[in-house]
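Working notes for the structure below.
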Amino acid sequence: MLHFGWFLSYTVQSWGRTWSGRGGEEWTQPEQYIEAARALERAGFDYMMFEDGSFIPDVYGSSQDWALRNAAAAPKLDPLPLLATIARETDNIGLIGTVTTSWYPPFFAARLLTTLDHLTKGRVGMNLVTAHNIRSAENYGLQDDWDHDKRYARADEWMQVVSQLWDAWEPGAIVNDPVTRTYVDPSKVHPINFEGKYYRSRGPLNCQPGPQRRPVICQAGGSPTGREFGARHADTIIAQARGVERMKEYRDDISRRLIANGRKPQDVKVLFICDVHVFATMAEADAFRAVRENDAALNLELNLASLSFASGIDGSTLDLDAPFPELTTNNAQSVLQHYLIGSEGKTVREVMSKPISQSISFTGTPESIADEMADIAAQTGADGFLIGGGIERRQVAEVSDGLGAELRRRGLARDSYDWPTFRENLFAF
Ligand SMILES: Cc1cc2nc3c(=O)[nH]c(=O)nc-3n(C[C@H](O)[C@H](O)[C@H](O)COP(=O)(O)O)c2cc1C
């Protein structure tokens, strides 16, 4: 069986397209997310993963104009309060929000996630990122110490503090016995007195652990330092690696790193990010693929804007007809590398005029995509797939009720959730 997640932001979901409906107006309200969550529960999805960032992109064209005009990663709201709202209207799906280790003080994050774990009855997770954009550092006034590997070193210590805070209350600390007038057994609640290189916290947390004690930890950074961080702390890794060979290398590398850290390969569920386009017939799928492949102007613009977003290098300044230059970044290293694959000996225009998929792009019928997913998981060791994109209603229905139903019929997707918490369901197989 495979695991499935849906990747999205708390941003404009669909706007100005044939099936957008009232997308431009309704995205701030919870209803559309709740509808999507229910549809994905029908399909047995493990989780919805909300990415996040605290900035308006302004690298492409050296201006925020493109992002604002196109509603591209802006405007964007903080997804964490939304998780509690979705949880009230759903029963089983895991709900992951993004938490940036570089901004959130560990005590604040540990308490917030414990609160959400209670509110969601054990269905919350956090996607840990170090943040990749200098603008968000500037928004928090923390731009002075902006080194890629140092961000991860700090994140590692951050995770130690948060873990200790979550364990500061022993099991059984809540007695709730009016007869002996004991609500909490004080002998089971301990300070942590953490003194590290970057953080200090006295502890304990001033609330008891939620149903999961430790919310599910998700991680995405794919540089060597990022992978090492994931192998130490994550329960699920959302990975970007283009094509079967790189996906296999990624999963094998994570398995090696897990073992080196005293964990087992099956302790982390690796889901590869993909885009999925479901059609009733292969003829429709082929027609869609051809249009997408050949829309050079649109592909060029979207790819250059995405490269700018991930790397901090303004793609609009690249000479389109010159060979692809050497690029390096202090931002998201693995994401920049993703765009450079296959660029040797080619011009910028040649590389960027074609669609650049996340890890893999699935375009076909429910049957053909189910075949491909099973085959790719077998070849790469992937635990499953993270479907990327907004939650335009038609797209969600195609996946949940078209592809999802086919996957369930084949026993590739779960038919029911057997456990109350996200963590237990994630590790049920
Ligand atoms: C699937 C995926 C999801 C990501 N989600 C976020 C996110 O929500 N917020 C963020 O700041 N970075 C996000 N990133 C970027 C990474 O988490 C990380 O911050 C960045 O890639 C730098 O790490 P690296 O150099 O190890 O790749 C994501 C990356 C991938 C591949």
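A Cβ is built for glycine as well, from the same backbone N, Cα and C atoms used for every other residue.
Annotated domain 'Luciferase-like' per TrEMBL: 3-383, in sequence order.
The FMN binding site annotation in TrEMBL covers D52, T98, H148, Y152, S223. With a cut-off of 8 Å between CB atoms and residues at least 6 apart in sequence, the same chain places S9, Y10, K76, D78, P79, G97, T98, T100, N127, V129 near D52 (FMN binding site), listed in sequence order.
It is S223, among the binding-site residues T98, S223, whose Cβ has the fewest other Cβ atoms within 10 Å in the structure shown. The Cβ neighbour count for Y152 (FMN binding site), using a 10 Å radius and every protein chain shown, is 19.
Here FMN is bound by D52, T98, H148, Y152, S223 per the record. The longest Cα to Cα distance in that group is 19 Å. Under 8 Å, Cβ to Cβ, and six or more positions away along its own chain, H148 (FMN binding site) finds T130, S223, T225, N330, N331, Q333. Look at D52 (FMN binding site): DSSP puts it in coil.
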